[in-house]
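According to TrEMBL, the transmembrane segment annotation covers 25-50, 62-82, 102-120, 141-163, 205-223, 244-264, 270-289. The feature domain 'G-protein coupled receptors family 1 profile' is assigned by TrEMBL to 41-287.
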Amino acid sequence: MEEANQSVVSEFIFLGLCDSWDLQAFLLVAFSSLYLITILGNVFIVLLVIADLHLHSPMYFLLANLSFSDLCFSSVTTPKLITDFLKENKTISFRGCMCQMFFGHFFGGGEMVLLVMMAYDRYVAICKPLHYSSIMNTKMCIQLVTTSWIIGFVHSISQLAIITQLPFCGPRKLDSFFCDIPLVIKLVCMDTYILEVLTNANSGVLATVCFILLLISYSYILLTVCHQSKGGASKALSTCTAHITVVMLFFGPCIFIYLCPLSITWVDKFLAVFYGIITPLLNPVIYTLRNKEIRNAIKRL
């Protein structure tokens, strides 16, 4: 069926972020700079955690995996967006579109679960400090990361397996700068209402479940530390603020895109830019600049 699809629709056309060439020139420079900073920042964190023995702990192992995930996630759509600013006809092949959707949901879904794993790490460290080293051993850390990648893969492949079997026989224009399942499904030559509900529910439920688990985890951490000492509230906030900030930045746009019944094009485009370009840039900044051990590791270089 995939071959049949490609014989009818061999490529899709992006309408992009805007029509103004002056604005596109500005965005080309801006997004190129942001992407470069994102790549350098996340690669730096991964290499720093590997090189510095003081950072060989579960928390920083998970942080390095988050940086690697951000590096990959931002590379799914941003390079294509940047090069399209130089083109009048912004097209992507059928296979390229399918790849964008697969890797976007693979890395995005995996990162959601990884953030939950990082919350679990903080829960054990703060609520069960005496058992931390025995619970968060090397085997457990590898299992947590592996689980996040497996869930991301299952989440992505389950949707793509359906999309590739659908008939694309006419419309080719996507009012966006990248391929995403809700947009591509609208181009299918059949009634897609049920499919739209199911695919949006797939992503929306994953995001919502992870978000609720994170809220429960950090609420429990805060309450636990508050009962342990008078300065517990400030200590808990200091420990968890960076994590909570990243959670809100990552999950907010995602939940809105996949669960909001209304579809406002400019809002969706703004959230997609924020979700795919800005958030992977902010993660290393938020985690490193507010982290004393990371700052000390940088000084030791």
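Placement of Cβ uses the backbone N, Cα and C atoms for every residue, glycine included.
Just so you know, TrEMBL annotations never went through curation; they're auto-generated.
Values in this document were obtained by computation on a predicted structure and should not be read as measured data.
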Contact call for the transmembrane segment (205-223) against the transmembrane segment (102-120), three or more Cβ pairs under 8 Å: yes
Are there at least 3 C-beta pairs under 8 angstroms linking the transmembrane segment (270-289) and the transmembrane segment (25-50), leaving out pairs fewer than 6 apart in sequence? yes
Please work out the mean pLDDT for the residues of the domain 'G-protein coupled receptors family 1 profile' (41-287). 85
Which sequence-distant residues neighbour the transmembrane segment (102-120)? Criterion: at least 6 residues beyond either end, Cβ under 8 Å. 59, 62-63, 65-66, 69-70, 72-73, 76-77, 144-145, 147-149, 151-153, 155-157, 159-160, 178-181, 203, 206-207, 210, 213-214, 217-218, 243, 246-247, 250-251, 254, 276
